[in-house]
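Participant: Just lifted these from Swiss-Prot, have a look:
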type: BINDING; residues: Gly120, His121, Ile122; note: (6S)-5,6,7,8-tetrahydrofolate binding site
type: SITE; residues: His225; note: site 'Plays an important role in substrate specificity'
type: MOD_RES; residues: Lys226; note: N6-(pyridoxal phosphate)lysine
Amino acid sequence: MFGLEDVHSVVRAVEKHHEWLKKCLPMIASENVTSPAVREMLVTDFGHRYAEGKPGERLYEGCEYIDEVELACVRLAKELFGAEHANVQPTSGVVANLAALFALTEPGDTILGLRISHGGHISHHDISAPGVRGLNVEYLPFDEEDMAIDVDGMVRKIEEVEPSVVMLGASLFLFPHPVEEAVEAVEAVGGYVVYDAAHVLGLIAGGQFQDPIREGAHVVTGSTHKTFPGPQGGIVLCQRDLADDIDEAVFPGLVSNHHLHHVAALAVALAEFKEYGERYARDTVRNAKALAEALYAEGLRVLCEHRGFTESHQIAVDVREQGGGAVIAEKLESANILCNKNLLPWDDESKSHDPSGIRLGTQELTRLGMGLSEMEYIAELIADVVLGRREPSEVRKDVEELRREFQEVKYGFGSGVGAHEWPRLADW
């Protein structure tokens with residue numbers, strides 16, 4: 001049974017991943033872990049089915065219950081975010097951004113976004129979604145010391161280039177963005193604000209960051225698996241007058257079948273967030289602030305001390321003096337502390353493989369039930385590695401010991417399956 005041998009090799013790799021992750025501190029800011037209830041939706045028969053189009057207007061038969069689930073998902077999203085319209089069909093955050101750009105722009109238009117070194121996501125740049133749409137990309141002025149958009153400079157830039165879209169939101173996203181100011185300026189030249197909430201969607205839903213919809217953003221996009229601990233996928237929230245344009249951009253424009261098991265899982269995650277979201281988001285930000293303060297006290301160069309370090313789940317650390325982001329991220333991984341190397345504002349964007357910084361996130365540690373005392377201890381462990389006080393192999397033992405106490409998902413529905421446990425369904 002040669003095919004089964006191949007299956008066994010895959011299964012062994014998956015098993016090793018799960019066993020290893022149980023012993024790690026997952027601090028990559030773009031990840032999270034779903035609850036058992038959400039995870040269960042991902043293995044339903046919905047993953048085998050097709051349902052092109054809108055509920056009630058499908059191109060396939062057999063969608064009665066699929067429609068029921070998608071309508072519930074849309075309703076929950078609108079309720080949770082206070083949105084006039086929601087589309088839950090994008091298969092990723094980048095697809096959600098593409099949908100917004102296809103709905104609001106024409107090829108040859110200009111948009112404004114953040115440089116990658118200033119925290120901007122690649123899907124705001126001509127190498128990604130704007131390039132696919134044939135757009136010209138210019139950059140928002142940025143205050144590197146405050147890690148913030150220069151509001152006066154932004155307004156002048158909008159008046160100068162008259163963009164069709166101003167893209168707010170970021171991949172390195174420490175503080176809220178100036179939504180109201182951007183809306184006022186861009187509406188005067190006939191444009192729109194698209195707020196990419198991928199990283200902070202859960203913080204927004206929990207009322208702990210800013211509220212871009214109430215601040216006037218015309219469209220809010222996001223991925224559903226970062227601070228919002230749902231399945232991997234995307235979402236678009238918008239004002240009612242843009243609903244048809246957004247929906248047509250998603251289907252038939254960008255998505256055919258839209259991964260129905262993810263819609264079911266997202267519906268459960270949205271329901272969870274109505275119950276637990278405010279507390280989870282509050283604790284995530286509280287943990288990030290505590291971790292940043294503790295890292296700074298340990299002697300690390302944490303950005304924006306004068307602003308309280310962060311208002312989100314993220315922390316940025318300048319590790320140039322310790323060898324750079326690539327070296328330090330690798331050393332931390334050797335200690336089972338998982339983060340990512342990250343460009344900082346002064347970095348050459350062509351050297352993203354070896355930037356100055358690392359980015360840390362507290363959203364998954366919080367989901368595991370860790371709190372302020374754990375943040376202080378984790379800061380000590382990180383500093384031990386970054387500052388060379390101990391060998392990563394020695395720190396790894398302490399990390400594994402800490403993780404033994406935190407193996408369950410908190411702030412969610414369902415129990416009986418560990419956070420990073422593989423719920424086996426078949427015998428091999």
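Just so it is clear, glycine is given a Cβ too, placed from its N, Cα and C backbone atoms.
Quick caveat, the model's predicted, so the values are computed rather than measured.
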Participant: Sorry to bug you, but what's the C-alpha spacing from His225 (site 'Plays an important role in substrate specificity') to Gly120 ((6S)-5,6,7,8-tetrahydrofolate binding site), rounded to the closest Å?
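Facilitator: Here the two Cα atoms are 18 Å apart.
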Participant: According to DSSP, which of helix, strand or coil covers Gly120 ((6S)-5,6,7,8-tetrahydrofolate binding site)?
Facilitator: coil
Participant: Quick one: pull the CA-CA distance for Lys226 (N6-(pyridoxal phosphate)lysine) versus His121 ((6S)-5,6,7,8-tetrahydrofolate binding site), whole Å only.
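Facilitator: About 14 Å separates the two Cα atoms.
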Participant: When a 10 Å sphere is centred on the Cβ of Lys226 (N6-(pyridoxal phosphate)lysine), how many other Cβ atoms does it contain?
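Facilitator: Neighbour count, Cβ to Cβ under the 10 Å cut-off: 28.
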Participant: At the level of the C-alpha atoms, what whole-angstrom distance separates Ile122 ((6S)-5,6,7,8-tetrahydrofolate binding site) and His225 (site 'Plays an important role in substrate specificity')?
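Facilitator: Per the Cα atoms, Ile122 ((6S)-5,6,7,8-tetrahydrofolate binding site) and His225 (site 'Plays an important role in substrate specificity') stand 18 Å apart.
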Participant: I'm trying to understand the geometry here, so how far is the Cα atom of His225 (site 'Plays an important role in substrate specificity') from the Cα atom of His121 ((6S)-5,6,7,8-tetrahydrofolate binding site), in Å to the nearest whole number?
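Facilitator: Between the Cα atoms of His225 (site 'Plays an important role in substrate specificity') and His121 ((6S)-5,6,7,8-tetrahydrofolate binding site), the distance comes to 16 Å.
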Participant: Using the centroid of the Cβ atoms of Gly120, His121, Ile122 as reference, list every other same-chain residue with Cβ within 8 Å of it (recorded (6S)-5,6,7,8-tetrahydrofolate site), in sequence order.
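Facilitator: Close Cβ neighbours, site residues excluded: Gly113, Leu114, Ile116, Gly119, Ser123, His124, His125, Ser128, Ala170, Ser171.
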Participant: CB neighbours of His225 (site 'Plays an important role in substrate specificity') within 10 A?
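Facilitator: So the number of other Cβ atoms within 10 Å of His225 (site 'Plays an important role in substrate specificity') is 26.
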Participant: Long-range neighbours only, meaning 6 or more apart in sequence with Cβ under 8 Å: which ones does His121 ((6S)-5,6,7,8-tetrahydrofolate binding site) have?
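Facilitator: Once residues fewer than 6 apart are set aside, His121 ((6S)-5,6,7,8-tetrahydrofolate binding site) is near Gly169, Ala170, Ser171, Asp196, Ala198.
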